[in-house]
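The annotation phosphothreonine is assigned in Swiss-Prot to Thr464. The annotation phosphoserine is assigned in Swiss-Prot to Ser487. Swiss-Prot lists 479-498 with the feature region 'Disordered'. According to Swiss-Prot, the feature transmembrane segment maps to 50-70, 85-105, 131-151, 156-176, 203-223, 247-267, 315-335, 337-357, 370-390, 423-443.
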Amino acid sequence: MSGAITCSAADLATLLGPNATAAADYICGQLGTVNNKFTDAAFAIDNTYLLFSAYLVFAMQLGFAMLCAGSVRAKNTMNIMLTNVLDAAAGGLFYYLFGYAFAFGGSSEGFIGRHNFALRDFPTPTADYSFFLYQWAFAIAAAGITSGSIAERTQFVAYLIYSSFLTGFVYPVVSHWFWSPDGWASPFRSADDRLFSTGAIDFAGSGVVHMVGGIAGLWGALIEGPRRGRFEKGGRAIALRGHSASLVVLGTFLLWFGWYGFNPGSFTKILVPYNSGSNYGQWSGIGRTAVNTTLSGCTAALTTLFGKRLLSGHWNVTDVCNGLLGGFAAITAGCSVVEPWAAIVCGFMASVVLIGCNKLAELVQYDDPLEAAQLHGGCGAWGLIFVGLFAKEKYLNEVYGATPGRPYGLFMGGGGKLLGAQLVQILVIVGWVSATMGTLFFILKRLNLLRISEQHEMQGMDMTRHGGFAYIYHDNDDESHRVDPGSPFPRSATPPRV
């Protein structure tokens, strides 16, 4: 704990006279005991804060489940819900066995960790069980992102394989590069050993979590191909509407709530005073991070609302929800190191990026039921670039440790080195995830383990794979959920049963 009490006989000699040594030993011993109590209390408070943040991040799994369920057709609800449960369950086991060691095991050459497999020799002087739990919650978030991209057409065994591989190997390697003190691009390395003298700044994971999940989903959806009926023979897009906007909104609010553990919780400690003043410390940085997260998401939501209104002619709640989440995904990298006004810029541009990526996806006939690759991959990449433009020198030194001459945001007068490091991060994440997850999805396809049959896809996986529908009554998915691109109304005039 900073500001520890110090005491010695020499300090007290002028006050205690002839008996200075004996009295000083006693007094210093008592003060040492008090100091240890304060240190223990600070450690307990920091761990409690981290555990609370881990619980919030884990609650995002419920948000992902609701968002996914509402975004697919009713006939595939049980399937997508089960995959979300297994993302957490399989991810928990594989992150325990391998993932944490690869990510934070230490003693590496900058590429991958080599210790603490199955939490052996754990806890360590630098990490307790609360840190493992927090990082596991992050790992399964990446897997949850990917599941949305390949929804409604993927074999169940493929989910198990890709989720285990992603959380046990692919994601941990990336998190080691940028978050471990040993990582080759980490900002926590010694000053003279950092990438471009700064390291890549990805505070809570626009790249490490969102881009990894989004790029993995991109390859899965590309290799599988679009859902049946998503595009007509002439290339005209047909929107396959999700069956419940209510679940989408519920999932969005749960994710919003969890993001206050995702971003502010990434400080991992709260009782860290800064040198700027006794009443100013990490608790202030945590508050600023929460405010920046809020402003970016809100700005992206409103920008998407009016942008989509101009493009489609109607107000669409699911588009607004995706815009909100895109703003959150983008600010995640720089939430701790930018001013609140910059977070508004981040959210505005995140909405523009998301809308643009969705237009491009339609042009190339790319089908992603939850827009996960566009939202998490595209907005995550923008978030990394945003840091290179708007990161503030003062906040970088507070969050990552004071370093004379540390590069900071280009638009803030800090030169282009940080932006260069951010671009390198984007490139290596795209390359690594493409090489690993793209190869895995290709192998699964060649082994006929990736996509379900056309008959099962048309009938719905709930009936053909999971023993029955999620609801006693459900809509006729093939008709009522097919929507002309320019209309908010389904083709079928038959009202849905409830």
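Backbone N, Cα and C define each Cβ position, glycine as well.
The model shown is predicted, which means the values in this text are computed figures rather than measured ones.
For the residue listed as 'phosphothreonine', applying a Cβ distance below 8 Å and a minimum sequence separation of six or more within one chain yields Ile452, Gln455, His456. Between the transmembrane segment (50-70) and the transmembrane segment (203-223) there are fewer than 3 Cβ pairs closer than 8 Å, counting only residues 6 or more apart in sequence, so the two stretches are not in contact. Touching of the transmembrane segment (85-105) and the transmembrane segment (315-335) is ruled out by the presence of fewer than three CB pairs under 8 A, sequence neighbours closer than 6 excluded. With a cut-off of 8 Å on Cβ pairs spaced 6 or more residues apart, the transmembrane segment (370-390) and the transmembrane segment (203-223) reach 3 or more such pairs and are scored as touching.
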